[in-house]
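Visitor: The structure is given below, and queries will be raised subsequently.
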Amino acid sequence: MSAQILDGKATAAAIKSDLTARVAALKEKGVTPGLGTVLVGDDPASHKYVAGKHRDCAQVGLASIQRELPATATQEEIEAVVRELNEDPACTGYIVQLPLPKGIDENRVLELMDPAKDADGLHPTNLGRLVLNEPAPLPCTPNGVITLLRAHGVEIDGAEVVVVGRGVTIGRTMPLLLTRRSENATVTQCHTGTKDLSAHLRNADIIVAAAGVPHLIKAEDVKPGAAILDVGVSRNAEGKIVGDVHPDAAEVAGWISPNPGGVGPMTRAQLLVNVVEAAERAAAAL
Ligand SMILES: Nc1nc2c(c(=O)[nH]1)N[C@@H](CN(C=O)c1ccc(C(=O)N[C@@H](CCC(=O)O)C(=O)O)cc1)CN2
């Protein structure tokens, strides 16, 4: 068997095309939504991701607000930029690109954000709303995973899903989204403390791999026909992405997301969705 592709690039393009029309409609009402980004330090991957976010903004007609600080920036300097964006009326929503440099208290920065402008859905208030089933901006990568599965007709309802990883941007929140009544999946969360990862994986209809361990998941770990979402990003000596999933797994799986070209573009598209939805809510309240 050779897996079918969960095409993140094409699915993200369709989402962006829909958003372009919605942004144009907002502009006709006199509202120009803007996405802000706070980027601290010189991690090349973070710079690439943020540049991609602003390219997306230009494509769909969103205004871009970019704030960059050096790796030497203090906690207070970063927090000052967050306070400024909280107050900036041109900024509909913004993100603080993670990870922040060592020594910076990331949670303190996230907590300082105005929850109404939290385009990543990572503010504690919004994470709490998600737990309570209240409306909130949804974390971009987990929401991107679900949108990608749905766009390709992969059944989530009743599926056994294994999430590998417990990081903030995906591992922690992926199970919360998947176990909502609208998704209705059964989720097992695995992590470095899991005793027999392979046994869990072999039982999964859907695997979300977000461990950041190159080629952790191999063909023999995969149930025939399963859907695999490879969210892991490691880099080889040439700086090329190496995912969590060994390429041989595609011979066993029914569906697989390429990496790059799978969940990454979906993360960016869902970020735009959060900003446009926030702008639409604000416009409706005018
Ligand atoms: N504040 C946040 N920080 C981080 C998040 C996040 O959701 N919010 N997630 C990741 C990084 N990330 C978003 O910021 C992200 C990752 C990957 C991509 C992407 O488009 N990847 C491309 C490949 C790009 C490359 O060649 O390096 C792809 O997969 O095709 C976009 C955004 C951590 N930080």
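Note that Cβ sites are derived from N, Cα and C of the backbone, with glycine treated the same way.
Predicted automatically and left uncurated, TrEMBL annotations should be read as such.
Annotated NADP(+) binding site per TrEMBL: GLY165, ARG166, GLY167, VAL233, in sequence order. The domain 'Tetrahydrofolate dehydrogenase/cyclohydrolase catalytic' annotation in TrEMBL covers 6-120. The domain 'Tetrahydrofolate dehydrogenase/cyclohydrolase NAD(P)-binding' annotation in TrEMBL covers 139-282.
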Visitor: Tally every other Cβ atom lying within 10 Å of the Cβ atom of ARG166 (NADP(+) binding site).
Guide: 17
Visitor: Could you list the residues of the same chain, at least six apart in sequence, whose Cβ is under 8 A from the Cβ of GLY165 (NADP(+) binding site)?
Guide: GLY171, CYS190, HIS191, VAL208, ALA209, ALA210, ALA211, GLY212, VAL231, GLY232
Visitor: Neighbour count, 10 Å Cβ-Cβ cut-off, for GLY167 (NADP(+) binding site): what number do you get?
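Guide: By my count, 17.
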Visitor: Long-range neighbours only, meaning 6 or more apart in sequence with Cβ under 8 Å: which ones does VAL233 (NADP(+) binding site) have?
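Guide: Counting only residues 6 or more apart in sequence, the Cβ neighbours of VAL233 (NADP(+) binding site) under 8 Å are ALA45, GLY212, ILE241, GLY243, ASN259, GLY264.
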Visitor: Measure between the Cα atoms of every pair in GLY165, ARG166, GLY167, VAL233, the residues the record assigns to NADP(+), and report the largest value in Å, rounded to a whole number.
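Guide: Spelled out: the longest distance between any two Cα atoms in GLY165, ARG166, GLY167, VAL233 is 14 Å.
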Visitor: Work out, from DSSP, the number of helix, strand and coil residues along the domain 'Tetrahydrofolate dehydrogenase/cyclohydrolase catalytic' (6-120).
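Guide: Split into helix, strand and coil, the domain 'Tetrahydrofolate dehydrogenase/cyclohydrolase catalytic' (6-120) gives 61 helix, 19 strand, 35 coil.
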Visitor: Give, as a single whole number between 0 and 100, the mean pLDDT over the domain 'Tetrahydrofolate dehydrogenase/cyclohydrolase NAD(P)-binding' (139-282).
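Guide: So the average pLDDT across the domain 'Tetrahydrofolate dehydrogenase/cyclohydrolase NAD(P)-binding' (139-282) works out to 98.
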